[in-house]
């Protein structure tokens with residue numbers, strides 16, 4: 001067991017970070033906010049912590065706290081224009097947000113280190129802390145799932161005019177989902193910066209955006225298991241496919257297409273739904289649920 | 001006792017006068033009917049009251065409170081509930097959860113206690129699920145509680161939607177074609193529930209094609225045709241009104 | 001200097017227009033974002049490069065790249081979109097599958113080029129300059145402007161004046177109803193994807209030639225740029241895309257010249273954000289925006 005841990009430790013740590021960022025991405029989608037802003041939030045969190053710790057000698061816990069506040073503040077401000085858009089337009093707006101963040105990180109060179117980024121960040125994170133952060137995140141989302149906020153998020157995703165007709169102040173709840181997404185994204189960005197020694201803007205570009213989206217698409221957009229399953233696939237796949245290392249992009253691409261086409265809810269969600277169906281006592285007259293076809297997070 | 005009133009309400013879509021200067025009162029503890037041929041503007045009236053459409057002219061009041069310019073969710077929080085003509089459930093949620101979300105307005109535990117999973121919030125969820133379970137029993141669909149709402153037959157989906165709309169004990173509920181597609185026996189079951197609700201003090205507005213069903217239940221009936229109120233009064237009087245007969249025979253003969 | 005920058009911006013904008021036209025055409029017809037469009041653009045540059053490297057004349061390489069990318073685009077539709085259209089609600093799924101195709105195409109290009117930056121051999125296109133009113137314009141720039149003008153006019157004619165245009169409009173407004181009218185939606189999708197891909201591939205060749213730099217990630221900034229162009233022009237609007245593309249080209253050229261290239265990116269994406277906020281339908285678009293919970 002311990003030898004397994006030592007040989008795979010970096011893999012496990014990156015898996016945990018991917019799970020955290022996956023939850024940030026999932027929270028938005030799950031509430032029907034078509035956001036791909038997670039990469040931008042994690043960039044803000046990572047830079048806030050890195051700058052505070054390396055330049056100003058701020059203690060690590062305080063720096064993480066500041067990152068969390070920055071993540072929430074920026075996502076709250078961003079939620080206002082986002083509430084006026086929907087679907088593809090939200091995706092484009094959040095994509096633009098990520099691009100602006102990266103461009104500004106490059107521009108304010110004296111502050112952010114420009115393209116070279118920031119190095120010499122103390123490496124204080126380890127598997128234990130990362131695991132703790134993931135567990136706290138899971139606890140919060142598990143709580144959401146079992147209480148009023150979770151019910152509202154599910155309603156927003158499926159039909160926000162119904163939610164409004166039941167008295168839900170839908171803009172506030174959209175904002176809540178987005179702020180939680182920003183908070184989690186920024187915190188895991190901060191944790192990541194405290195793990196990797198140095199950060200640079202390219203770490204948070206198009207690829208980071210695709211990565212956290214991939215985790216949620218592969219795993220699932222609605223259940224707690226989703227991001228875990230997705231991050232697990234993303235962690236294990238390159239190991240299994242070592243001989244194909246040169247063609248990892250092709251492999252990832254093919255898997256994305258196959259999963260979304262044939263398991264549109266993602267591996268983790270499909271598993272959870274399947275278990276639920278098994279556990280249900282089924283009268284024979286009932287029609288089976290329609291497979292996946294009309295189940296989508298966006299609308 | 002509270003009542004919902006709309007005064008001189010108009011809704012124009014461009015040049016089309018969908019609803020043109022109508023007055024209507026839905027008193028508490030009574031069942032009021034709104035009938036009229038297809039395309040008369042009945043659902044438009046529901047959308048005007050519930051805040052989906054802005055009024056071109058006129059006002060909506062609940063007692064002395066003006067609802068005219070409130071948003072959909074604010075109107076709902078004032079205690080006005082509705083169903084939709086084309087049934088809108090949350091298709092992925094279970095039947096039970098579809099009703100539980102209906103209690104939103106009555107919830108006491110806050111967002112923070114939900115995020116932290118505090119015992120109060122969890123206990124509230126348990127309590128609401130029990131209440132929803134009982135409400136499903138009242139609508140005769142308890143055995144489907146665990147099923148995905150989208151998989152139920154049409155008539156049962158209507159019942160789920162009605163259960164959801166009255167879950168939070170609204171002061172007025174607007175039911176858009178509540179017995180469409182139901183047979184005599186099922187309609188009678190629904191009628192019984194509606195009368196119970198009225199006795200409990202709720203004001204009901206039934207929007208219907210089915211004149212016979214409305215006549216049996218309602219104390220007051222309004223007849224809408226081409227966006228204008230052509231008759232109002234007790235059902236016996238209204239159904240004998242020549243203008244009403246003309247509207248129904250001239251339009252689609254749904255007055256079965 | 002100022003005029004020179006505006007001229008250079010206009011030429012870049014004309015190329016952006018080619019790229020964005022295809023992107024917005026696909027969105028206009030099926031309301032889906034095709035994130036593989038950048039990779040198709042890149043493929044155009046690659047095909048033309050390897051064709052000229054084989055000794056083929058440049059005009060032939062250009063034609064070959066255009067047709068080949070059109071074909072690739074049709075394959076992309078088949079692989080990434082066709083299956084999703086059947087299931088409806090494809091908005092999210094299409095973003096994911098097209099990212100999948102994007103990854104595959106980029107990986108292939110990376111392998112083929114060994115991750116190197118390629119460039120057309122010197123003299124692939126005659127280097128010649130004309131001067132007027134104190135400005136310099138190269139033969140290449142003139143050719144690009146002329147080519148783009150012709151293509152945009154041809155596309156406008158095709159969409160607005162031919163039966164294909166009517167079919168496109170019918171399918172984009174209601175696929176089922178148009179099927180009843182005997183319009184084959186599949187054929188319309190094939191054609192739009194072919195046109196979109198061919199335009200992107202052509203843009204790829206022209207960019208590869210103007211900047212003399214071809215590499216497997218070259219599509220990414222142009223894809224992001226295309227988002228800005230189509231949002232400002234109005235998603236789905238062709239004339240909007242052309243005007244917005246040239247506008248963005250000029251803004252970019254001026255901000256890079258007088259400020260900095262990083263700030264230029266920030267300004268352009270901020271412009272996108274402001275447009276979404278105040279003109280959610282763009283300057284020409286008719287796509288519906290949405291504000292939930294308020295009275296209509």
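Cβ from N, Cα, C; glycine included.
The feature transmembrane segment, as given by TrEMBL for the ranges A:249-267, A:268-286, sits at A:249-267. For the transmembrane segment (A:249-267), the neighbouring stretch richest in Cβ pairs under 8 Å, chosen from A:31-54, A:60-80, A:87-108, A:209-237, is A:209-237. Between the transmembrane segment (A:128-144) and the listed ranges A:6-24, A:60-80, A:87-108, A:173-197, A:209-237, the one holding the most Cβ pairs under 8 Å is A:6-24. The highest tally of CB pairs under 8 A with the transmembrane segment (A:209-237), across A:6-24, A:31-54, A:60-80, is held by A:6-24. Long-range contacts of the transmembrane segment (A:60-80) within its own chain (CB-CB distance under 8 A, at least 6 residues past either end) are made by residues 37, 41, 44-46, 48-49, 52-53, 94, 97, 122, 124, 174-175, 178-179, 181-187, 189-191, 194.
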